């Protein structure tokens, strides 16, 4: 746990956009729970476990990138990143109709529908090329690599938020990594020095 409250950290990070991220959290607490996208037990730890966890990836994403959030669900990590980083061209990819409808409505309410796009479908079927793919609680690393390899440009990367299983998943993805000539590294990152550590796996072309 942090010594500074997690919403206070978010306030400091988001600055002028704090009102928007606060509105998004309110949407998660209300409609996100009602629609079954967020568990009721998560309400008390939304800032720590979901918002700050998501935006820990921000430091790994270069300015002005095209980013795809694969299996976006309730919009994590894509929406918190898009609010924090208006320079990003964000696409939320979600195969389930109910979830994609939630995303569309949320983006409209947040005023983000002009720069964040929702694509309903599977990542492997998307007609899209991006610099960075992000994902959170979607699938094992080997599966993610298989789903997203054709989405990412040659110089791009996959950033997958993972928990304690990160190192084990990298080992188990060895065959997929080798076949596609990719390298993977586990990174310990924070949204802020006062925030908790987040584990992410970064996958790139070998030698990049």
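Just so you know, glycine gets a Cβ as well, placed from its N, Cα and C.
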Of 85, 115, 136, which does Swiss-Prot put in the S-adenosyl-L-methionine site with 71, 76, 123, 124? 136
According to DSSP, does residue 71 (S-adenosyl-L-methionine binding site) fall in a helix, a strand, or coil? coil
Simplified DSSP label at residue 136 (S-adenosyl-L-methionine binding site) comes out strand
Helix, strand or coil: which one is residue 76 (S-adenosyl-L-methionine binding site) in, per DSSP? coil
Minimal Cβ count within 10 Å, across the binding-site residues 76, 123, points to 123
Other than its own, how many Cβ atoms are within 10 Å of the Cβ belonging to residue 136 (S-adenosyl-L-methionine binding site)? 22
Cβ atoms within 10 Å, counted per site: which of 71, 124 has the most, among these binding-site residues? 71
